[in-house]
Amino acid sequence: MSRRAYAEMYGPTTGDRIRLADTELLIEVERDHTLYGEEVKFGGGKVIRDGMGQSQLPAADVADTVITNAVILDHWGIVKADIAIKHGRIAAIGKAGNPDIQPGVTIAIGAATEIIAGEGLIVTAGGIDTHIHFISPQQIDEALASGVTTMIGGGTGPATGTNATTCTPGPWHMERMLQAADGWPINLGFLGKGNASRPQPLVEQIEAGAIGLKLHEDWGTTPAAIDNCLTVADDTDTQVAIHTDTLNEAGFVEATVAAFKGRTIHTYHTEGAGGGHAPDILKVCGEANVLPSSTNPTRPYTINTLDEHLDMLMVCHHLDPSIAEDLAFAESRIRRETIAAEDILHDLGALSMLSSDSQAMGRVGEVIIRTWQTAHKMKVQRGALTGDGARNDNFRAKRYVAKYTINPALTHGIAHEVGSIEPGKWADLVLWEPAFFGVKPAMIVKGGMIAVAQMGDPNASIPTPQPVHYREMFATRGGALARTSLTFVSQLALDAGIGARYGLAKRLVPVRGCRTVTKRDMIHNAWQPAIRVDPETYDVVADGALLTCEPAAVLPMAQRYFLF
């Protein structure tokens with residue numbers, strides 16, 4: 001059987017390479033967990049039939065769902081395998097079949113097992129977006145259809161404060177937003193407002209259910225507020241996210257770093273166009289206690305990046321272009337040199353995460369697209385990374401997928417539940433046809449059940465006739481919704497019984513380990529360079545090397561995928 005024939009029947013195997021969408025990125029299958037000649041496949045005349053690939057074992061001893069012959073792309077590897085799901089969690093990665101007659105079976109299929117055909121598909125962990133302004137609930141539909149299954153941030157709707165800052169302020173708003181979370185088929189976690197100089201206003205938000213606190217310059221990110229916020233976070237094992245002081249009113253970047261006192265913190269849009277000490281906030285990604293992320297409008301650097309940012313900034317931060325001071329504030333944040341350096345710092349693993357900044361200088365449905373566009377641009381401009389060769393870009397792929405899966409999960413204390421494809425974790429999985437990888441998922445599985453899929457005319461005789469578009473599936477309806485999605489809260493809130501007190505239906509999961517995670521824990525993205533930004537030219541130097549690149553004029557994963 002030729003390699004081509006085998007791939008067409010069972011999907012790629014060890015040594016086969018796959019192009020990701022229309023990029024220059026190639027991944028190569030490193031290992032195949034299935035056994036040649038013993039593969040399982042569903043369909044007429046195929047293997048998964050009673051007494052053949054399907055066993056006589058009862059429901060307790062077989063998988064609820066098996067994704068067959070899929071290529072898994074995760075931070076830990078690129079492998080071909082069958083994926084077992086049981087009780088909404090990933091149960092095993094291995095070889096599925098009938099253990100009574102087949103060798104090497106680690107996943108038993110029975111009459112209780114549903115099959116999702118993974119032949120020829122790539123499976124990734126559900127994306128995690130940690131910079132969400134909850135301005136409109138319709139963001140969730142867009143995010144889920146893009147492959148994001150967890151959203152972390154703050155807000156209360158299109159209030160002026162939420163339009164600018166990712167904060168759900170105070171216990172009353174926190175309770176209302178946690179109640180609203182019950183209506184959406186996605187994992188959610190909310191950040192309280194961290195700008196206060198005394199502990200009580202912050203502690204009461206954690207007790208109300210916040211998984212962390214957000215410091216934002218629009219509320220006054222002073223050294224006193226930073227110190228107090230981090231002290232409360234240390235006491236409650238929650239994370240702090242920060243948007244630093246663009247105007248340098250309360251101090252320069254050195255004063256902010258000093259206020260951290262070596263404590264863990266997540267820096268949003270660390271390049272600075274989204275906000276932060278001008279012009280050198282980028283320096284903080286060399287700190288051991290700083291977990292740096294980007295937001296997607298600057299990803300990657302293109303010929304249009306600078307032009308679109310000014311108007312975005314004026315709207316999002318309630319500025320008036322007719323006021324000279326407001327205009328100067330906006331222009332101070334937009335620097336071609338630091339945006340160009342941001343591309344390279346991502347490629348070298350100094351910037352650890354990527355998120356959206358939804359409707360507040362960011363696009364909620366483009367986290368995954370822009371991550372892979374950045375990876376493509378860097379391969380074209382900088383060549384292979386150390387660890388990759390001429391045949392594949394496996395290490396680069398692992399580095400970039402980690403930026404929106406495992407690293408944000410580690411940062412916000414939810415990696416024990418989500419963020420990777422590993423046994424025991426919540427079965428949030430995204431299935432992609434390689435030609436549409438990173439752009440348009442074929443199917444999104446939430447908590448082991450199909451939540452969203454590309455589906456044709458419901459009145460047609462088969463599932464595929466046009467119009468084919470994303471439609472919500474049964475995991476988004478009735479009681480299934482609350483049993484296939486999670487709401488993350490603080491341990492303090494869980495112990496206080498907010499689930500019963502608020503009347504919540506979703507399972508509440510406490511965050512943990514938020515205060516012990518450091519930059520060295522950021523998988524494939526742990527580089528800590530010494531960075532200097534020239535205050536006059538804005539040139540960025542990391543460990544003595546000037547970081548600069550040209551803007552892209554054309555990108556993959558763009559217009560050809562969005563004709564309609």
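Any Cβ shown, glycine's included, is placed from N, Cα and C.
In the predicted structure, the domain 'Urease' (126-564) carries a mean pLDDT of 97. For 126-564, the entry in Swiss-Prot reads domain 'Urease'.
The feature N6-carboxylysine is assigned by Swiss-Prot to Lys214. Every protein chain shown contributes to the tally, and the Cβ of Lys214 (N6-carboxylysine) ends up with 30 other Cβ atoms within 10 Å. Classification of Lys214 (N6-carboxylysine) by DSSP places it within a strand.
Around the Cβ of His243 (Ni(2+) 2 binding site), the number of neighbouring Cβ atoms within 10 Å comes to 24. Marked as Ni(2+) 2 binding site by Swiss-Prot on the basis of sequence analysis: Lys214, His243, His269.
Within its own chain, His216 (substrate binding site) has Ala164, Thr165, Thr166, Cys167, Lys193, Gly194, Asn195, Ile242, His243 as residues 6 or more apart in sequence whose C-beta sits under 8 angstroms from its own. Taken from Swiss-Prot, the feature substrate binding site applies to His216, supported by sequence analysis.
Between the CA atoms of His269 (Ni(2+) 2 binding site) and Lys214 (N6-carboxylysine) there is a gap of 13 Å.
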